[in-house]
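Please read through the structure below; I'll follow up with questions.
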Amino acid sequence: MSDESRPSPTETSAGTSVETSAEVSAEASAADRPHARTAAVIPAAGRGVRLGPGAPKALRALGGTPMLIHAVRAMAASNGVSLVVVVAPPDGAGEVKSLLDAHSLPERTDFVVVPGGETRQESVRLGLDVLPPEYDIVLVHDAARPLVPVDTVDAVIDAVREGAPAVVPAVPLADTVKQVEPAAVPGEPEPVVATPERARLRAVQTPQGFDRATLVRAHGTVTDDVTDDASMVEQLGLAVVVVPGHEEAFKVTRPLDLVLAEAVLARRRLNDGF
Ligand code: CTP
Ligand code: MG
């Protein structure tokens, strides 16, 4: 924005600029808007290098249905979510639109598809760019977490509605974690630098939920490479809170994760049958 178009301080209550409304809402947050509308942005533009050769990860099948469709349904399953923005592989927006048309999805939810970028961060930003103004709460959810239960989605939305500018679902760790000095050559022994107390660590998942203006400001300000959106809000000095995640919200990253995801789906089908 040019300085000329920047509203004077007396005009800021009108919320005429993204930057201004971000500042207001970082303090007030979505808590003052209990009926705030929620949109979900689903970054799905990654290749899935760690999963091995094949189609882009989000388009690979799980139980015969593309992973992305599972993720879209998981977001649309929440009554609080009325718009889902899918950030497609850069050259795959048409294919993703066709996929959404070909699968049954809730009618009360709107769907938008945009092409993604080189990094996850860029893909999320491209999704945020197309959000209509009436959405005050944004979820960011990895397409690679197709099986997150609706209760987790709702818990994240509720926490944002209750006033947190940024909310992440997370689970305790099973393994002890060591900080190391990474070896120059993969496979070489790596010196241990520290062992953080496991009980204080959490593995974070998605959907992460945000006051929309706060997230937009974070994406406009933080340029460091990050692996989640909440850490950008932390860098702004704002509070981020954790709510309980779910073991089924794991990220499909490596081939073994596909085996686990198929098993979870099979268990759900079995349970639905009774
Ligand atoms: N993502 C994206 N745009 C990118 C990179 C990643 O939208 N340029 C998305 C992925 O599609 C995925 C989510 O971010 O839904 C989490 O990323 P990750 O699990 O790392 O997926 P990939 O980057 O596809 O996998 P890999 O790192 O193994 O290549
Ligand atoms: Mg990646």
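Glycine is no exception: its Cβ is also placed from the backbone N, Cα and C atoms.
TrEMBL annotations: computationally assigned, not manually curated.
The region 'Disordered' feature in TrEMBL is assigned to 1-36. The compositional bias 'Low complexity' annotation in TrEMBL covers 16-29. The feature site 'Transition state stabilizer' is assigned by TrEMBL to Arg50, Lys57. For Arg198, Lys251, the entry in TrEMBL reads site 'Positions MEP for the nucleophilic attack'.
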Give the distance between the Cα atoms of Arg198 (site 'Positions MEP for the nucleophilic attack') and Lys251 (site 'Positions MEP for the nucleophilic attack'), rounded to the nearest whole Å.
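Between the alpha carbons of Arg198 (site 'Positions MEP for the nucleophilic attack') and Lys251 (site 'Positions MEP for the nucleophilic attack') there are 21 Å.
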Of all the recorded sites given, Arg50, Lys57, Arg198, Lys251, which residue's CB has the most CB neighbours within 10 A?
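That would be Lys57, with the highest Cβ count within 10 Å.
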If one measures from the C-alpha of Arg50 (site 'Transition state stabilizer') to the C-alpha of Lys251 (site 'Positions MEP for the nucleophilic attack'), what distance in angstrom results, rounded to a whole number?
12
Distance check, please: Cα of Lys57 (site 'Transition state stabilizer') against Cα of Lys251 (site 'Positions MEP for the nucleophilic attack'), rounded to an integer number of angstrom.
11
